[in-house]
Structures are given as structure tokens and as C-alpha cells.
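Per Swiss-Prot, the features are:
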SIGNAL    1-50  signal peptide
TOPO_DOM  51-465  topological domain 'Extracellular'
DISULFID  C104-C132  disulfide bond
TOPO_DOM  491-1108  topological domain 'Cytoplasmic'
DOMAIN    532-812  domain 'Protein kinase'
DOMAIN    884-1014  domain 'Guanylate cyclase'
Amino acid sequence: MFLGPWPFSRLLSWFAISSRLSGQHGLTSSKFLRYLCLLALLPLIWWGQALPYKIGVIGPWTCDPFFSKALPEVAAALAIERISRDMSFDRSYSFEYVILNEDCQTSKALTSFISHQQMASGFVGPANPGYCEAASLLGNSWDKGIFSWACVNHELDNKHSYPTFSRTLPSPIRVLVTVMKYFQWAHAGVISSDEDIWVHTANQVSSALRSHGLPVGVVLTSGQDSRSIQKALQQIRQADRIRIIIMCMHSALIGGETQTHFLELAHDLKMTDGTYVFVPYDVLLYSLPYKHSPYQVLRNNQKLREAYDAVLTITVESHEKTFYEAFTEAAAGGEIPEKLDSHQVSPLFGTIYNSIYFIAQAMSNALKENGQASAASLTRHSRNMQFYGFNQLIRTDSNGNGISEYVILDTNGKEWELRGTYTVDMETELLRFRGTPIHFPGGRPTSADAKCWFAQGKICQGGIDPALAMMVCFALLLALLSINGFAYFIRRRINKIQLIKGPNRILLTLEDVTFINPHFGSKRGSRASVSFQIISEVQSGRSPRLSFSSGSLTPATYENSNIAIYQGDWVWLKKFPPGDFGDIKSIKSSASDVFEMMKDLRHENVNPLLGFFYDSGMFAIVSEFCSRRSLEDILTQDDVKLDWMFKSSLLLDLIKGMKYLHHREFIHGRLKSRNCVVDGRFVLKVTDYGFNNILEMLRLSEEEPSEEELLWTAPELLRAPGGIRLGSFAGDVYSFAIIMQEVMVRGAPFCMMDLSAKEVIDRLKMPPPVYRPVVSPEFAPPECLQLMKQCWAEAAEQRPTFDEIFNQFKTFNKGKKTNIIDSMLRMLEQYSSNLEDLIRERTEELEIEKQKTEKLLTQMLPPSVAESLKKGCTVEPEGFDLVTLYFSDIVGFTTISAMSEPIEVVDLLNDLYTLFDAIIGSHDVYKVETIGDAYMVASGLPKRNGSRHAAEIANMSLDILSSVGTFKMRHMPEVPVRIRIGLHTGPVVAGVVGLTMPRYCLFGDTVNTASRMESTGLPYRIHVSLSTVTILRTLSEGYEVELRGRTELKGKGTEETFWLVGKKGFTKPLPVPPPVGKDGQVGHGLQPAEIAAFQRRKAERQLVRNKP
């Protein structure tokens, strides 16, 4: 922002008054200094205010009722209001408007325009094309922009002569000529009403059409009376070969009476039978509603409706909504007075609105670009604009020309609704059919002017005889086709031989290469050994075998691998994006020059091109495979130690390769550390060159690169459209500087900056300040840092060439030349030392992981079974004569689950079974599995323990029952957890079942019986079968057993069972079981009182949590 002339003059006046006051009234020096301080602060106060920009809206608002219907003041106020709310605009200026009246007489209109000089900063208008040139020259002299929607003269588009003139709509003549070209209507007639504004419009239109080489037969003016109109129509009929009649007057659809009488009399004279096409001119200046907008004037006037069949209405295309819908929506939103009827408002309202928005958009662009708001700057920054206007999309091209779309409307002479037939695309100046054909009177279009060539600046005139011209053209075409066909046949044969046959063939297929999929282990030598085996097989004449052992190579296809074997060597395939490549011949003919150039590149530091793979719809560059992979991979491997000597060797290799490419006039365009590969001898080679050239030659599209991919791209290429794909020599030098930063710090580009890749790219695009990586002097010699800064200079012309870089870099190693052999030996020595430490470290890690794995395996399977599975042996099922099984579950678990959240149920089971697992660790038992709330344990297997299995299970059961007596649920501490336990002794068979997640399972009737003992037990009770009690009694260890009586076991009948209630010497407290009813049973769930108490406490806690 700058200090404007008005505030500055006021400050000077204030300073002069202060000086006089100091002289007349003896103003002291201290007081005068205070005045000076105030004077210094005034600009700062002014600095924070937005400058006013007043837009003068010029038109014949008072002398022409049709223009007054456009409601210019309402349109301007609405536009200014919306601009003030649009936060995308620059706020340095605030917009105001003033409605300036234009006299209907052109001479007086120019005089009034001159009087408006001081009333506005820029003008929307004039509406009268008659003084557009004069107004534009005055605007240039006043440095005030002229933004017109009505000016016709194409010379106004010359920005050198009229630098402050802009069109807010496409030139109406361009639109007319585009339509006339399409239908080949060259001969035109122009007629206007007798208002001065339309007379001058007609003269300007005729002159503009003639400048395009189109003959304008008549230019007529007619009054509203029938006699005057009939005279004009007779003159048109007498003129030679007129096809199209352009009517410069107010449209009949919005109440233009002159046009209505003109069309009615033309219909009476049979001139609307298809001989002529009538085109209203004024609708080119606004968007005439047509979707769901029937016109009553056509409905009520049958003669006009029939005549309108010969009229083509060309108007600005509306998109999401019509003018009427947009106006009604604004009225409903309170933006304009609701009392206004949209159908009584001229659609020119939207054009005025769009023109003001146009100025605001240009102003915002100019301020964002250079902070200047001069008239010429606004015109320059009205290019490549796009915004949604009142009800249509407003667009301009790179020259500032409007490219908004138009639509051709038509009726069939019977209906009173307009239909869209063609879209006029002003960007391509072509017509697009919309699916509804034009209904021409008589069923066929108006005859075309076949002898006119529509050449710019050439007069349309007669040519040679059409029949003779057709015969000559046909003969020439036939001869040309014959010669081309023969040449194409010969060339096709030659190309076919060169492409796929012979030792110098370029295109390879699946018959030439064998795809492989290497899996790299921890040792680099594993891949090398396999590669020598493959190469030896290929060289001996045998096909390489792809049934490689695990960890070496596995079969692959072109779809999932980039590595293949070609002529015994490993090769790398750089795949192109999927696309329509055509056949082999079309590829060769369209990009043969690039192919040959890339094939001929031979240098030690350039990865050689071996050919191009093309098969099964895939196209790829085939180059040598480098075993050390890319420079980026080496830099990211912390295990590899790189001293400065070795880093400088890699950089010098890169410089040599790029120097060679630039000498061959070859721009890389994609240079980055991952496109620099290192072979087995630690020689760096540049690869992926020519990729962009082939994309351009084959016209292939590519996905937009990510911000991370653009970190190597020069700023000027980031800012230029298409620059990223094309590249430049200076851009390659910038990319080399970023690679230097990577090598010096062994980090990604801009890794020292605490910004995302997108933020870095945004700063690179929009300097100042110039944004670059910061490299500490400790990473490289000072002269290398200085060279890097020269290479990434903001001005491309200030960057050195690779010849200059090479001359500087080769002497950086303290005056000695870089010796790659010494660097390799030193690096190999470091690598050997690092490898020993790495092996030792990896061995220790492997041993720790092995112990963890074995521990986990023994927790899942018995140790003996786990050892057998580790050795690869089959685990045979094993029978055990006597084992004791333990089953338990939670009483009322279903009720507890229904009253708990799922995570609370998981916490309950985890806490309880963790407690059980701790107990069974002190007993000779084996935990078989847990299913839900069921817990299964066995003793006597997989390791036999004689008769101790019953005692071990009994002791464990007492311990578990004792611990459960004091166990509390975290979420329901008031509710007791009761379990029931069942024990049974008998024979079982054990074995491993399944291959995926193998399990050690028990089988036999003993398992079912033990489960029945648990399910028929009671809470806080250990239910024991007779077989278990018998063994316990033989052990004589003091187990206390009570007879329960005969119990019904499902599937077993009635058997005598017992309760295990204690053991001599067992002092741990056992929970008191619930009393047994008269039927000998208790409830197998929570008591109703317990459930009610828990629900009550839960509701109380919920109320406490919800209380504010």
C-alpha cells in the first residue's frame, strides 16, 4: 500500500498552517516539536486504512427505459455488498460505486463522459459503442480502467494502444463469427432501430464483420412504423445472397416493439421461411433465461411465435441457475428489495453485477502480485481469471479475452419456450451439439456460402468452379494416398526389422527377458551368489531355473517386478504410466529420435540404455541393474560409514554424468538422489534420463507428483505451468545442489527445516525471502558449501554450468584429485569393521528373540510336543491309562455378562484366570484350555506321575477355591464370584490337532464325565467322582471327603459322587457354600437380592457421575 495523493496534500496544508501559527503567535520550539511528532504519526494512522476505489457505472439509465430496467444501482449495490463479504479478496481497497448517466446521443454522451473524470477511479461501460475508442484513450490518459461489456471494435483488444481497456464478456463479434463459420453463413445484413446507440452499434458490427472478411450487404436503420420497416425489408430482399440478418435493437422477448414489428412484417413477406436467419444482437450482452422460462410475448402473439422459428437467439450460458432464479434467491435472502419482480428486470442486471465483480477480481490479483492498482495493472491481471458471477461462470484466457460459454436458443414456431441446441465454446471457438437440433423453417438449414473461406483479413469472394475443384482435389488426394501408402508399407517393413530383430533391436518383449523377484537377506552376498548361478546357466545355454530356495529368488511376472534377466545380466525396468501406446510401429515412428538419442548415450557415469520393453500393454525403459541400488539408499543406511573423500567421489561421478548429458543437449528434468544408482564398484551413474521426453513424445499423462517428489525441482519450474515436466539445464543444476545437501548431511532435502514438504514448496514458489536448506560448516569444506549455494541461486542465469562445477570440484580435495580406489579401500575397511559389529549385534538379538519364541511356544504346548514340532517330527497321539481332569466355571456368568460391558467381562476373566494360572504353577498339572468361563486342567499328562495326579488336582482345587473366596470383580466388587469345580479320573488320549495354530487336545469319555461333574456341581463346592476318591483314599494324605449321594449325570445315568471339603494340614480359608435346599440343590445363578442390590448401587453411581 502507498500513501495516496489526497492524504499527502492534506498533510502539507497542515504543515503550512502550523508554520504560520508558529510565526504569528510565538509558538515555542517544544510545542512545535509536538506538532512535528503528530505530523509523523498521521501517515501511520493512514497506513492501516483501506483506500477507496469508486466504480462508475455508465449507461443511458434515464433516457432509455429498457436500460433503466437493468436497475444498475441495485446491481452495483449487490455486487459491492458481496465483494465486501468475500474474504478471498485483498482488503487494501474498499469498493464504492456511483451511477453515471450517459446521454442517448453519442456526441453528448462523450461530453458527459469527460465530465465524469473526477467522479470515479474506474468505469463499467460505456454502453454506447460509438465512443468506446475515445473513452478508452481518455481512460489511458487518466490512468483509469475502462471495463466494457458493449464495445465492439476489435482494435480495442490491442493492449499496446489501449492498455487500460478490458472486456468483461467475450467480444460479441467473435461469438457471431464462430457461429457463422460453423454454419458457413458469410453474407450478412445489419439492421438497427433509430435510437442513436443502436445506429452506432450497427455501424460498429458491420465494420467488425468486414474486418473478418465477411461481406455485409446492407446496413440499415428503421423506425417503429410499418412503412419504414417494410422499406428496410425490401432492401434486404434486393441485396445479393444475404443469409443472416443481425438485428441491433431491443429484443422482442423483453418487450422490444421495433423488433416485434420487424419480425411480424418479415413473416408477412414470407422472409421467415428459412431463406434468412434472424439473430438478435442485444441478447449477446447478457444471459437470457430459457430454462423453465416460457415467454408470454410468444404465447400471446401467434404471428410472432411463428416468425420466431427463423430466429436464432445467441446468449450467455447460465449454469446452475437462470437469471430469474438468481434474482429471486437474492431477494429472498434480503440482499435486494423483495418488492422487485424478477420478470420485470432486464437480464442486463447480471452483466453489470459481473463487471463490478470482474474489477474486484482483477484488483485482488494485481495487489497479490505486485501491490499496484493502476489501471494498466488491473488490465494485465484480468488474464486467466475464473469466477462465478451472478448466474454464470466468467472466464478469461491468457490474453485477457473472455472465454465464457454461449448457448444457441431456438423454437419450433409452435411453442413459446426456448430450447438450448448448441453450446458456443469461446475457448476453442467451436460449437458443441447439445442433443436438440435446430428447427429450421422448411426442415433444412439456411443455405451455406460454400465459396467463402472465412480467412482473417481476406474478402469473401468467388473461387474456381466447384465441380472442377472437386475433381482436381480428388485426383491429387488419390495420388498422395498412393504414394503415402507405398512409403508407409516400406517404412513399416523397415521399422519392424529394426525394432524386434537383429543385434541392435530397441524394443524387447517377454521372449527376451525373464522377470525375477529378489528377496534380500541380511547379507548382500546372498543375492550375488544367486545371480552368478543364474548368469552361468544362461551363458551355458540353459534356461535359468526360477525354483529358487527361500530367501534368494522367487518367480515373478512383469506385473509385480521391476528386475529381469536380459542376455545373462540383471536389468532394471523403469515403467511408464498405463496408457494407450498403440502398436510397436506407432511407438517407433512417434519417438524414434528420442529412442536413438538415448541408445547412443555412452559414459562411465551414465547408466546405459539397453532398450525398451513393450509387451502385454506395458512400456518401460530397460537399463543396467546396479547392485548397490540408489544413492538415496546408501545415504539412509546408517551402518555404512561415509567419509568426505568417498562423498566427494560420488558427487564427482554425478557431475561427470550430468556434464556429459548437457554436452549432448539432453535435459534430465527428474534429477534426484533416487535417480542416481551405484554399481558394485561404487561408481555412481545417472539414470531415468529421457523419461520426460518420452512422456511428451507419446503424449502420456502422469499423476501429479507429490510435494516430496518436488523438493528437488527448481523454483522457477515450480512456478511455470508445465515446467516440472519439461525441465531445464539450470533446473538440473539446482537439483544437483539439493543432492549435494543430501550427501553432506546424509538426510532428506530440507531435513533440517521443521516444515512439511507442502510448506517448503509453498515457500519456494513465493519468495522473498529465498528459502533454502541450511548446512552447517562441519559437514563439508567451505568451498563446497559455497559451490552448493551458487548452484541453487534464485536467478537461473546465475547458476554455474556443469563444466564450471567440474572445474571447481575436482580440486576441492586439498589440491589433490579424488582417488576412487583409495576411497573404496578405505570404505571397504570401514564396511568390514561395521559388518563384524553388526553380525555380533544381530546374533545377540537373534538369541534373545529365540528365547522369547521358545518361552512362548512352551506356554502354548507341552515342552516335549513343542520340541517335536520344532524338529519337524510328527506328534503321534498318545494314550494315558489314568489321569485326573479338573473343570470349573463361574456360577451366574450369563447374568454377570448381561449386567456388564464387554470390556468389563474381559477384565473379569483376565483377572480370574491370571489368579488361576499363578496357582497351577506350584502344582504338577498341565493347563489344557479355557473356553469362555470354563477352565480345564489335567494332571498325569503329558508327563506321567504315577498316582499323584489325583492329589495334585485335589490340592490345586482347594487352593483355587480358597483364592476365589476373596476374589473381587473390579466393576462389581459387591457381587461374589462363585465357581463350581468337578474332578474325575480315567483314561484319555492326547495329541496335536491341526497345522494352523496347533492345539494339544484330550479325547475320551473321561473328558465328558469330568465336564458333567462340573455342570452338576454346586457353588463353592468341589464335586468329585468315585474313581478320584478311590485314588485319594489310597494315598492316605488326609483328604476330607463327604458323600453327596447318587447324582444324575447326563448320558451316564445315576452315580455315587462326593464333595471334597478339605485336607489334613490345609489351613487356608475356604468360602462357605450356599445352603442346600430340601431337594439337595441350590440356584445356579446370582440370587435376586444380589442382582437388585447391584442394580441399585449402579444407578446411584450413574447419578453421581451425571451430577454437574
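Heads up, the Cβ atoms here are built off N, Cα and C, so glycines get one too.
Comparing local CB density within 10 A for the disulfide-bonded residues C104, C132, the maximum falls on C132.
In the predicted model, the topological domain 'Cytoplasmic' (491-1108) has a mean pLDDT of 82. Under the three-state DSSP scheme, C104 (disulfide bond) falls in the coil class. C132 (disulfide bond) falls within a helix when secondary structure is assigned with DSSP.
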